[in-house]
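**Student:** Handing you this structure, nothing more for now.
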Amino acid sequence: MTDSPSLESNNKSDMDTPRPPASSHDEHDAAESVSEKQDSATTSPTGKLEPEYLTGLRLGLVMFTIFVSTILVSLEIGIIATAIPGITNDFRKLDDVGWYGSATFILAAAASPLWGKLYKYLNVKWVYLSAVGIFLVGSIVAAAAPNSVAVIVGRALQGWGASGVLGGTLIVINYVAPPRNHPLLIGTWMAVFMMSTILGPVIGGAFTSGVSWRWCFWINLPVGGPIVVLLLLFLRVPKHVKPVPATWKEIILNLDIPGFCLLLVSLVCLTLALQWGGQTKTWDDGSVIATLVLWILLTIGFFIVEWLQGARAMAPLSILKQRMTWSNVIFCLVSYAALYQVMFYLPIYFQSIHGQSAVTSGVNTLPFLAFFALGAMVSGGAIGKTRYTQPYELAGALIMTAGMALIYILDVDSPKAKYIGAEVLFGFGIGLCNQVPMTAVQGFSKPDEVASATGIMVMCQTLSGAYFVAIAQSLFANRMLHALNSGSDHLDVALVLGTGASELQDVFSGDDLTAVIDAYMVGIKDVFAFSLACAAFSVILTALIPFKRLPDHEKKPSKDAMASDEVKASEEVQQEKKVTV
């Protein structure tokens with residue numbers, strides 16, 4: 001990577017005329033990393049600017065702005081669940097139902113590392129605004145969709161923008177807030193994200209039944225407009241969080257477009273195979289087998305390309321090879337699998353088995369939300385004090401597994417006290433450990449790798465959704481249909497699949513309704529069993545996570561250490577110039 005022309009000329013001049021480190025302009029810029037979180041700054045004896053973080057009202061305004069942006073995009077993740085019946089009534093495309101949710105996760109997973117690179121090389125504020133803009137464009141496309149394909153395209157654009165907003169929010173927190181506040185702020189952000197995601201179906205149900213499913217997307221415009229204004233007014237990244245100098249050609253090469261394309265197409269192939277297999281086509285159908293084979297080949301190709309790309313890869317080996325990173329990546333993938341399945345299928349349990357409306361089922365998930373938020377803030381505050389992360393991942397995984405076991409034993413006649421108790425335990429456990437991997441990876445990353453590391457972690461979170469939500473949907477549909485065909489083969493399978501969970505009581509009656517509810521329970525139980533396995537496996541995975549104390553970046557290094565760091569940074573820049581053509 002080369003410096004800009006002005007920096008390069010300065011470097012040449014400095015090499016010809018030796019001078020003290022304190023006056024070396026090029027070394028000052030080279031050593032200055034993208035994770036320095038200053039607003040105003042003081043100069044150290046080596047010429048580097050010491051960190052001074054936002055506090056008080058200024059920090060509060062930035063946090064408020066990015067948290068509101070998070071609410072905007074996270075509502076759309078869950079809102080589609082109750083909008084689907086209205087969409088299928090308009091377009092009559094039952095085969096596309098799975099894509100309305102999957103398209104968002106697929107684009108979010110594939111694009112997250114790209115956003116991390118963009119935040120590294122470009123102005124943080126304008127990249128963040130671009131992500132919000134793409135999300136709003138996707139909302140317009142979905143709201144005005146003349147057909148089912150347009151809805152899918154709109155949802156994909158929403159996922160693309162949402163990944164930039166979510167990743168950008170975590171990057172901004174890392175840049176502007178004091179390091180010891182990061183765990184609590186990330187925990188609070190995670191609570192806001194989860195509450196918005198789960199309340200999405202409630203809002204979607206109100207719009208779908210009261211106005212139109214299109215308002216699930218139109219509503220983003222009057223809400224998004226003021227958010228853009230807030231971002232323009234209050235999103236202030238510290239002055240010394242500067243983009244890494246690079247030409248446009250270098251930026252494009254570092255985006256790793258080949259890796260992005262391979263990952264995107266592989267996810268599409270897997271989703272197609274899981275949506276066809278056992279539902280619209282048999283598992284031994286040629287198209288199902290072909291898409292599964294393509295998924296395997298493309299995934300292998302993706303890893304080969306990532307290895308060949310080296311430092312330009314979407315997930316650079318220099319970041320992933322660190323034990324603190326790869327162990328938390330795996331833990332994140334598996335724990336999020338348990339979370340997503342409960343998040344999507346617990347409301348289905350309430351609506352299909354207990355006959356609750358979307359609004360009532362949303363109210364019954366509030367205990368889960370409340371204790372998730374409590375767990376996230378407890379672990380965030382505790383990590384801020386102790387600076388250790390692994391104990392909270394272990395404790396959270398254990399409590400989450402116990403709660404998941406209680407959720408698994410729920411049945412058609414389970415009383416309210418039973419499912420509320422299970423929710424509380426699971427919510428508190430997943431809340432304790434959910435945001436910790438992000439905190440750990442950011443905390444142990446090198447300053448110039450924070451943006452890329454954040455992109456990788458957001459990719460893991462959304463990739464877990466892309467993979468495991470699709471797997472859970474396939475498992476649920478296949479097991480439900482098998483149970484239905486075994487007990488009541490006279491029922492119309494297409495009608496059962498096309499009926500929303502909250503509408504079963506209106507469409508079916510008598511023995512048919514009983515048969516459908518029993519079949520739903522079989523499918524839901526298998527999904528919960530899968531989620532329980534993921535939760536239990538996450539307990540084992542905590543043994544891989546290092547027991548280390550988070551570094552305290554607020555401590556000012558000694559003069560000798562700063563001088564040594566500056567020399568190293570200058571040498572790295574000179575070396576990059578030699579190897580970059």
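Cβ coordinates are placed from backbone N, Cα and C, and glycine is handled just like the others.
According to Swiss-Prot, the protein has these features:
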COMPBIAS  1-10  compositional bias 'Polar residues'
COMPBIAS  24-39  compositional bias 'Basic and acidic residues'
COMPBIAS  565-581  compositional bias 'Basic and acidic residues'
CARBOHYD  Asn11  N-linked glycosylation site
REGION    1-47  region 'Disordered'
REGION    552-581  region 'Disordered'
TRANSMEM  61-81  transmembrane segment
TRANSMEM  96-116  transmembrane segment
TRANSMEM  126-146  transmembrane segment
TRANSMEM  184-204  transmembrane segment
TRANSMEM  215-235  transmembrane segment
TRANSMEM  288-308  transmembrane segment
TRANSMEM  330-350  transmembrane segment
TRANSMEM  363-383  transmembrane segment
TRANSMEM  392-412  transmembrane segment
TRANSMEM  424-444  transmembrane segment
TRANSMEM  456-476  transmembrane segment
TRANSMEM  527-547  transmembrane segment
**Student:** With pairs 6 or more apart in sequence, are the transmembrane segment (424-444) and the transmembrane segment (184-204) linked by at least 3 Cβ pairs under 8 Å?
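**Tutor:** In this chain the transmembrane segment (424-444) contacts the transmembrane segment (184-204) - 3 or more Cβ pairs sit under 8 Å.
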**Student:** Grab the same-chain neighbours of the transmembrane segment (527-547) for me: Cβ-Cβ under 8 Å, and only residues 6 or more beyond its ends, written as numbers and ranges.
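**Tutor:** Cβ under 8 Å, 6 or more out: 323-324, 327-328, 330-331, 334-335, 337-338, 341-342, 345, 388-391, 393-394, 397-398, 400-401, 404-405, 407-408, 410, 433, 440, 468, 471-472, 475-476.
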**Student:** Mark yes when the transmembrane segment (392-412) and the transmembrane segment (126-146) have three or more Cβ pairs under 8 Å (sequence separation 6 or more) and no when they do not.
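**Tutor:** With fewer than 3 qualifying Cβ pairs, these stretches do not touch.
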**Student:** Looking at the stretches 184-204, 215-235, 363-383, 392-412, 456-476, which one shares the most CB pairs under 8 Å with the transmembrane segment (330-350)?
**Tutor:** 456-476
**Student:** Residues sitting near the transmembrane segment (456-476): Cβ under 8 Å, six or more positions beyond its termini, same chain?
**Tutor:** 98, 101-102, 105-106, 108-110, 112-113, 115-116, 159, 163, 166-167, 170, 267, 270-271, 274-275, 277-279, 314-315, 319-320, 325, 328-329, 332-334, 336-337, 340-341, 344-345, 437-438, 441-442, 523-524, 526-527, 530-531, 534
**Student:** For the transmembrane segment (363-383), could you work out the same-chain residues 6 or more beyond its ends whose Cβ comes under 8 Å from its Cβ atoms?
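**Tutor:** For the transmembrane segment (363-383), the nonlocal Cβ contacts are 183-188, 190-191, 194-195, 198-199, 202, 342, 346-347, 350, 356, 389, 392, 396, 416, 419-420, 423-436, 439, 550.
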